[in-house]
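Dropping the structure in here first, questions after.
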Amino acid sequence: MTALYTTKDGQIKMATGTDELFGFSADELTDKSWDVILSAPYKEHNQAHPGYLETQFQPKDGQPSVDSFEVTQEGQKRDNDESFAIRINISKLTPGDVDSMIQVLIDEYKETSVTLGLDWNGSIKNCSKQIEEFFGYEPDAVKGETLDLLFPPSFQAKGQKPILDPTETSVIIRSLVGQHKKGEKFFCTLELRPVKVADRFLYHGLITKLDPSVEALVILDDTETILSYSQTFFLTLFGYKRGELQGTRMASIIKRKRPPREHGRGTRKRKQDGTDNGNSDTPRHKSRKSRGENGAQEVQQPPTTPTAQKDGNIASPTTPSPAAPAEVTEAPSTNGHAGSPTTPTPAAAAAPAASADPEYTKDDSGLVHILHKDGSEVPIHLEVFPFKTPEGKWRFSMKIKRVPLKKEKILYSKAVGNYLLGEVLGEGTGGKVKKGIHTKTREPVAIKMIQKKKMDQDSIERTKREITIMGKLDHQNIIKLHDVIDSPKKLYIVMELIDGDGDLMKYISIHGPIVEKETHGFFKQILSAVNYCHSAGVIHRDLKHNNIMINREGKIKLIDFGTSNFLSDGKLAETFCGTPRYAAPEMMLGQKYDGTLVDTWSLGVVFYTMLTAKFPFEAVADLLVGTYEEPTGVSAECLQFLSLMLVVKPEDRAHIPTLMAHPWITQGN
């Protein structure tokens, strides 16, 4: 271990253990600044901010002062450009020891990694024992498995290259979200080296769990060109090799909170109150509230369950208010990045003319995104420190820290078959629905749990029919059945987990009426799902907003086949089921009905409420005669399409294939 004893302004008065780690003798360091052992960006940052050590002990953000703190930075050997990570513990010496002295203890920082080998198919052939510490699996348990077991595909960022890319024949570096056997998620860096054997590649490499306390540092000049950066941490955190970013523009890898200012236009205009808007030596320090810019997640209160008002409107929840940016729970999209996600290697852009004003200010601090070498966007917390050189030129030091993943409140615990049970997603009369995860593939699922003792003979038959129907259906807009587990006390129905913001009712209650073009996109998917059901001989009989889910990509998923049944050739059904507000007139009157036409009526109600955010019929009497107020602000073709569904006489009501062939559906909007 290296120990330095410095004055409060960082001048070294005594040193031990510096030869091996840094190549300096104790005498050579005496009376030198302590940052002489640091790599270029940290050295320049500290020199630009005199009193760095002393200021770190002062109160910050309302927190009390501290007597010691720990940081991870980069050191550099004497006469050697190669930098390396170091862990630094800095403490005030207590009164009575050495007055006004600071102790700096330094060790080389080495991250724990899992070593592994893969065959040409990406299957794990061997791994080190650290796999159990990281992921909860013994080494023998992962042999023969793919990396999807450790890094579930559904957790990974959009725009990211596949892990094994045959076009990459040197080192492959990926930013991934790993998952422990019990459900905890964490950021990892995977580094693989391909080795060509005959006409195939084998791979060996490292998995490193990222330390959330690690900060990278970069220094820019007044044209936003990178002068120096912490090369050790940029490789681990963002995949860029040593020297790769030197001389490139920061705009090639970072998505800013505001667009870059135009260069070469002189100084900023003065405000009407006479104050300067940027010509002083000190950059502006206005506060700027984060409102979810650049992917910073806005936290909203969940809406209350919408209910039908007497006037037919769908009740809207209290308007959610934006809160402070929350921890990131999922990886961000690549839309709108300053650098192209399809060509992630940053190119050196032509530097703009230098300006008297700073290109970056403290206002640019906050949650932004940086482009990883693998093409994904990584959420970071950026802290900007503008300063001027002795020659009067602007420089910018930037501290960069990855935003941590949100920790799971409830980890997976109890095992059922090949699944681990997690948090409760919902609860109804039939039982609870919990989030689950497959123990081998790590695929997230939804598991409906039904207590057998609460089931009568009718509910047993309905459940059997529901399972049979779901097992028969295979359509992109219909929830998929994965498995059924029958235990002595409970029945577990394992289904596709729909990762999104809720059902169509919630969507309308938040957004209000949906514009015609967006309604077309949603309803075309709904029709496709129902048409598939009918062609498979299945009627749903409970089509409503709550049974139409929307995932994160805007894809519709039809759920809940608890009241569904099979079509009987030439026979009419007579069982009343479903929800009254969506029920067809013939069902409300207790008449026998054609199940496909009952579904058509329910779709008409859904379609109407999508356009208006209210139900078409305020009373049963209106429903029975088919009296409703036409939606406004939509095309005549849209109104004609609606009129084919809300028809009282079943024989005059359109079947789904007729609706599928309607110009409003086929020609778009």
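Each residue, glycine too, has its Cβ placed from N, Cα and C.
TrEMBL labels come from automatic prediction, so no person has curated them.
Here's the feature list from TrEMBL:
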type: BINDING; residues: K448; note: ATP binding site
type: COMPBIAS; residues: 254-271; note: compositional bias 'Basic residues'
type: COMPBIAS; residues: 297-310; note: compositional bias 'Polar residues'
type: COMPBIAS; residues: 324-356; note: compositional bias 'Low complexity'
type: DOMAIN; residues: 419-665; note: domain 'Protein kinase'
type: REGION; residues: 250-361; note: region 'Disordered'
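Distances, neighbours, how buried they are, the whole picture for these features please.
The secondary structure of K448 (ATP binding site), as reduced to three states from DSSP, is extended strand.
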Tell me, how many other CB atoms lie within 10 A of the CB of K448 (ATP binding site), whichever protein chain they belong to?
22
Looking at the domain 'Protein kinase' (419-665) alone, can you tell me the average pLDDT?
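For the domain 'Protein kinase' (419-665), the model's average pLDDT rounds to 90.
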